[in-house]
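Going by Swiss-Prot, these are the annotated features:
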type: SIGNAL; residues: 1-18; note: signal peptide
type: DOMAIN; residues: 20-88; note: domain 'LCN-type CS-alpha/beta'
type: DISULFID; residues: Cys34-Cys60; note: disulfide bond
type: DISULFID; residues: Cys45-Cys65; note: disulfide bond
type: SITE; residues: Glu48; note: site 'May interact with a positively charged residue of the receptor site'
type: DISULFID; residues: Cys49-Cys67; note: disulfide bond
type: DISULFID; residues: Cys61-Cys87; note: disulfide bond
Amino acid sequence: MKFFLMCLIIFPIMGVLGKKNGYPLDRNGKTTECSGVNAIAPHYCNSECTKVYYAESGYCCWGACYCFGLEDDKPIGPMKDITKKYCDVQIIPS
């Protein structure tokens, strides 16, 4: 019984850290665009996602950098479900 009560107290305090995918937002609430030359260079968004937003990887999807493995506390831009499903399939290997 004591073990059960202790678990009820400790687990919520520990929290659950997860990863998410999406278009990360900067301080101004804008996404990193990858149009033109940046869209052609496949490593631009991967570099932005890993070095600026501390994600696992990223690539250009629909004109903005789409990051994989963002921390839960990083804000991401709103998107439609169909866009998320499309961008979640990583086309360009990082």
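Yeah, the Cβs are placed from backbone N, Cα and C, and that goes for glycine too.
This view paints the features noted in Swiss-Prot onto the structure.
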residue	record	Cβ within 10 Å
Cys34	disulfide bond	23
Cys45	disulfide bond	26
Glu48	site 'May interact with a positively charged residue of the receptor site'	19
Cys49	disulfide bond	24
Cys60	disulfide bond	24
Cys61	disulfide bond	23
Cys65	disulfide bond	25
Cys67	disulfide bond	31
Cys87	disulfide bond	21
Going by DSSP, is Cys87 (disulfide bond) part of a helix, a strand, or coil? helix
State the three-class DSSP label for Cys34 (disulfide bond), counting H, G and I as helix, E and B as strand, and everything else as coil. coil
Shortest C-alpha distance to Cys60 (disulfide bond) - which of the recorded positions Cys45, Glu48, Cys49, Cys67, Cys87: Cys45
To the nearest Å, how far is the Cα of Cys45 (disulfide bond) from the Cα of Cys34 (disulfide bond)? 7
Rounded Cα-Cα span from Cys67 (disulfide bond) to Cys61 (disulfide bond), Å: 9
One should report the C-alpha separation between Cys67 (disulfide bond) and Cys34 (disulfide bond), rounded to whole angstrom, as 12
Whole-number Å distance between the CA of Cys49 (disulfide bond) and the CA of Cys65 (disulfide bond)? 7
With DSSP assignments reduced to helix, strand and coil, which class does Glu48 (site 'May interact with a positively charged residue of the receptor site') get? helix
Please identify, among the recorded positions Glu48, Cys65, Cys87, the one with the smallest Cα-Cα distance to Cys34 (disulfide bond). Cys65
Distance [Cα-Cα, Å, rounded] between Cys65 (disulfide bond) and Cys87 (disulfide bond): 10
